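A.B. asks: I have a structure I would like to understand better, so I am pasting it below and will then ask my questions one at a time.
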Amino acid sequence: MESIPMWQGVSICVIVSWIVISSTLNVTQKLRSFIQPWVSRHVLTGTPLILQIQKFQHGFLDALFSGLSCVVSVPFYTAFLPLLFWSGHVRLARQMTLLMAFCDYLGNCIKDLVSAPRPSCPPVRRVTATKEEKENAMEYGLPSSHTVNTVCLSGYLLYYVLSYAHNRDAVMILAGVGMVCLLVALIGTGRIYLGMHSLVDIIGGLAIGLVILAFWLTMHEYVDNFIVSGQNVTPFWAALSLVLLFAYPTPEFPTPSYEFHTAFNGVALGIVSGIQQTYHQFHHEDVSRIFTPQLSIPAFIGRMLIGIPTILLVKFCSKALAKWILPVVSNTLGIPIRSTIYVPALKGSVSGKKSDESKQLGYIQKLLFFSQQDSFDVDTGIRFLQYAGLAWSVVDLVPSMFSQLSL
């Protein structure tokens, strides 16, 4: 039987201890009472700047900044990262996926911890051209997730390209840094122009993104080595993912941020478990890469035509299976549950009037079934398993199909 390294047990115990201590000491509310008024004041005083920028309103700028926001959004990365895995750049793909999950967790934790408002609309004009932008508008403001994600992912991509470049020189480095800075500036300006964020949100996102990127560049080698050759990888990551579902601050009012965290938390588990099982078959450094004789453009197109429908089917099946299994398991264990979206039969099992109230409870009530929490939202588990299944299929099931079809 494989032994469990001590650091893994210590890590989980530390996080669980933090959940209990922060709930007991009411840390979220205390931090919020200190930070939120300061941020809210800067959001209010930043409104004239937004209105000045929006004086340049034009249909072209609306389309440009809306398009850029979509290109650096979580749904875009969710669609793009499978293609990166299948193109043969597996190390870059797994690092960017885990970095994206890390950014999503920390960024949304800070959003819901601070619970600072977005710019008031009106007088600010808010442009929400897509369904995803409408959901983003329901979240709190600080920090700007688009800014955090752009800084981290474009910064890491630049690091990766420069690390593997054979003819790297000062001009190449300056050009790369200049492109990343330009992209970050465009995204930040665009979020203000679209009325989605104040200047303080952008500055906060930039600072947090730089801190996360610096941390990740220090730790990414250790994380990657653990995933591909560590001990007890999948059980540890499953336990970590479960604990992180509870190690999340309760917002002042419910927002979609926790749902986004749950989804990418599941993605990270699926990616890690799949790669750990199939690294030597499909994810080692010598796999075929696009634009080489071993993986031509027609073959890559064939991979997309087979892979995309397959992962969508797995996502659908994972969701259906979770919707059936989780209520049965919960009822068997005597755990009271409710559903707000996925299981219509459970919508009336708990008073709808208490639904929003229960989302405002602290960590320990969620974790230890305190009396104030009369039920648990089974949608969280369904969403988590749905995206874990989707991610697993990207790195395990679909590559197995490619191998059988010689793609």
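Backbone N, Cα and C atoms are what each Cβ position is placed from, and that goes for glycine too.
Copying in the features that TrEMBL gives for the protein in this structure:
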type     : residues : note
DOMAIN   : 93-217   : domain 'Phosphatidic acid phosphatase type 2/haloperoxidase'
TRANSMEM : 6-27     : transmembrane segment
TRANSMEM : 63-86    : transmembrane segment
TRANSMEM : 140-159  : transmembrane segment
TRANSMEM : 171-193  : transmembrane segment
TRANSMEM : 199-219  : transmembrane segment
TRANSMEM : 226-248  : transmembrane segment
TRANSMEM : 295-314  : transmembrane segment
A.B. asks: Out of 6-27, 199-219, 295-314, what stretch is closest in contact terms to the transmembrane segment (63-86), meaning most Cβ pairs under 8 angstroms?
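C.D. replies: Out of the listed stretches, 295-314 contacts the transmembrane segment (63-86) most.
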A.B. asks: Taking the transmembrane segment (226-248) as the first stretch and the transmembrane segment (140-159) as the second, find out whether 3 or more Cβ pairs fall under 8 Å, excluding pairs closer than 6 in sequence.
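C.D. replies: In this chain the transmembrane segment (226-248) does not contact the transmembrane segment (140-159) - fewer than 3 Cβ pairs sit under 8 Å.
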A.B. asks: Near the transmembrane segment (171-193), which same-chain residues lie under 8 Å Cβ to Cβ, leaving out any that are not at least 6 residues past its ends?
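C.D. replies: Answer is 49-50, 53-54, 56, 61, 64-66, 68-69, 72, 127, 144, 146-147, 150-151, 154-155, 158, 161-162, 165, 199, 201-202, 205-206.
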A.B. asks: Report, as numbers and ranges, which residues of the same chain sit near the transmembrane segment (140-159): CB under 8 Å and 6 or more residues beyond its ends.
C.D. replies: 39, 43, 69, 72-74, 77, 92, 95-96, 99-100, 103-104, 106-108, 110-112, 114-119, 176-177, 179-180, 183-184, 187-188, 191, 196-198, 200-202, 204-210, 212-213, 216-217, 220, 251, 255, 257
A.B. asks: Per-residue pLDDT averaged over the domain 'Phosphatidic acid phosphatase type 2/haloperoxidase' (93-217) comes to what?
C.D. replies: 89
